[in-house]
Every structure is written in C-alpha cells, then in structure tokens.
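> Provided herewith is a single structure, encoded as structure tokens, for subsequent inquiry.
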C-alpha cells in the first residue's frame, strides 16, 4: 500500500490562555501590600510550515486532530504564567489550504513559509494589572480566552517543472527512472503508477524537477481508470511532455489518437477546475523505439506531429537512446519559463489581519424586547469574565458601557428588563438590561463584590 497522500482534513485547536491570578501581597509589617496576582500565559498557536523534507500528508490523515499547548495560569508575587508552545505542523511545498467549503485560505510555496491557522487565546490579566485609582485592590482577575478551533483541508499540488502525461504503460515511469535517480515502481501492466513520482534531471547548467503522474485513459474525466484527481500535480508545471507508446498492440491505439485523447482529458480538467493548461509548452516523446516496429511507427507519425506544432523527440527508456537530447530540450523550456517568472519573494509569514475600520459591535433587535450584541470585543470580554464574582461582573458592565453598548441598546429601542445576548452565537450569555445603573460612579465595597449588583 502506498504511503503517498495528497489530501487531508485537519481539526485544529489552538491553546487556551491561562487564567489571571487573584492575590494580595502579604508580608510582615506591610499590611497594605496591594494586589500582586500575575497574568496568565498565552495559548500556543497552530502553524503550518513548509518543509522541504516533507513529501506527503499521510501523517495528518492518520492523526487529523491536533491541539496546541495551553498557557499556564498566573501566580502570586506578580509571576506571570508561561505561554503555551506553538504547534508547528510541517507540510510539503505546494500545499493549498482551504476551508471545508473549498474557499482558499493560502497557497504555501517556498521552504519556511508559515501560516498561522489557529490563534492561541490570550492570557487573562491578574488583579495586579487590573488595579486602578478607583479599584485599588481588585478581588477578581480575568479568565484566559479559549484558543481558536478550525477545520481545514490540505491539498498537495506537487512543485515540479515538467509534467509527464500519457496513457498507462506508455513508459513514463521508465523514462523518469532513466533520466534521474528516481526509482518508481515499473511493471508491464496498466496503472502500475498509483502516486506521482518526482525526479531531478540535470541538463548542462539547468537542473529541474520532473513529475510522473498516473496514466490517463479516455473517460478519465468521468471517473474511468484513476480519474483526473492526480492532474492537480501538473498544474504548477511550466512544461508538459506527452509520452506516447509506439509499441502498443491494443486495438484502436496509436500515438496520434493517444495524444488527442489525453488533450481532451486535459481540456475537461481545465474546464472543471478553472486551471487553463492549454498555454503550457508541450513536447512529445515517441517512446520505445528500441522495438523495430515502434521505430517505424515513430518515423511515420513524427512529421504529422511536427505539422501540428509539436517539438518531437524519439526516445527509448530501455536503451537510453535520445534521452540526452530530450533532457536538454526540456531544460531549454524550463530555463525560458524561469526567466519569464517574476523574481521570487523572500520566505514569508502569512497573516490574516482584520479589515480596517471594523465595526466594534452591532446591536441586532430580535423582537419582544430581546437584543443580540455581536462584535469581537464584547464577545471576548464576556469570555474573560468570571460570573461567579460580582466584582468581575461589575467590571464587565463598566467596559461594555464605555464601549457605547448602553447607548446603542437605547437607540435600538431596548427598555428596562430587556433580554440582551452577548457572546458566542451558539452559547451566548444572557443579561437582563437595567439602564438605570450608573457605571461611572466610584465603586467601593469588599473585594469580590459590586454594590450595583446587591
């Protein structure tokens, strides 16, 4: 069974932030030591990183659930909790990251390129960081935020310069084995190649990568044979090489009809995926000319192919005849394609910033004096609040009021006793709104309490 896997679905969870600490400094002869609770550590991110030594997504198919490390809670004496370690997942060069609905998130190309796919939760503030002139010794701390949960799909599109296309048993694997150090499985029956094979070829000063993909047959676009699923591996190829079998004895088969059939399947693939392969330079290798009848057939069809605009070379993977000329011809095409490319950008870290001018929150009337507040800040603040602590709840009320939610609710038509939903859509926190609370007053009372909630 092959170990090559080019698709995988991952279920990822970033680390949760550590909770802040509630602590009061206690020392002999210092009765008013003040708050000294440390902050919680941040949760670890989940990061995808291109690694040139990784060639398959097999490990992620076997273990699709991954989780980064949580942040540690804060401690007394102003000791912050340790941040959780990032979880770095190596992926092959050419991995495309999409949502489960098919929306492309990133195309990871180039060794060392990184993508943060799930951000760790921020650590909660300890009571030392929450102290203010109005609240000198807070009796509460903020909880750490949960890390992001994401489900993504990884799809590998091999990075190669030349893609070999043709019928099964046309000799593609033998050709790549003869031209490079690759050692694919070779046998005299169709569909021996079940996974893409890569080989590095040197032609003078030019070095390039050749990809041998499983063979195509008429009707591959309808699911016959191995279908078209492996054609994604030639999408990035700058040059395509038709490998045509001149020694086949199958009825209805000849190099011209084989080439036309493969071109039809390439066109169907382009229509389905939106990837136009028609503009890629094509060369034709008439293979197996070590067989006398095959050489005669190659001499017969070569002028027909040249008339169609193809550059044609007669080769034999078995005797290596014509392979040097083929390697240099492909090298010329690859060098020309590389010269036409824009200069490579340095390895980059891919971020997903929020839109500029993002609205901090929005009040949505649901009817019957029920309202929903959505927005990043209110949702995050609710997650950070310890609702078993009245002082923490009062602090949340102050923050929401300073953000302008009280005024927005009034403008939306909310009246006293309105039901207000804030937080995650599937599990919001429900408040009974009391517009008479004056959150600007000085809050005094025992730690952990709020006079407004008594």
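In case you wondered, yes, glycine gets a Cβ from its N, Cα and C as well.
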> If I go by Swiss-Prot, the feature region 'Disordered' sits on one of 60-87, 88-115, 116-143. Which?
60-87
> Taking DSSP as the reference, which of helix, strand or coil describes residue 172 (GTP binding site)?
helix
> Highest CB neighbour count within 10 A among the binding-site residues 172, 288?
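Answer returned by the neighbour count: 172.
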> Measuring Cα to Cα, how many angstrom lie between residue 316 (GTP binding site) and residue 173 (Mg(2+) binding site)?
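About 12 Å separates the two Cα atoms.
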> Which of the three DSSP states, helix, strand or coil, fits residue 214 (GTP binding site)?
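In the DSSP reduction, residue 214 (GTP binding site) maps to coil.
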> Applying a 10 Å Cβ distance cut-off over all chains shown, what neighbour count does residue 214 (GTP binding site) have?
23
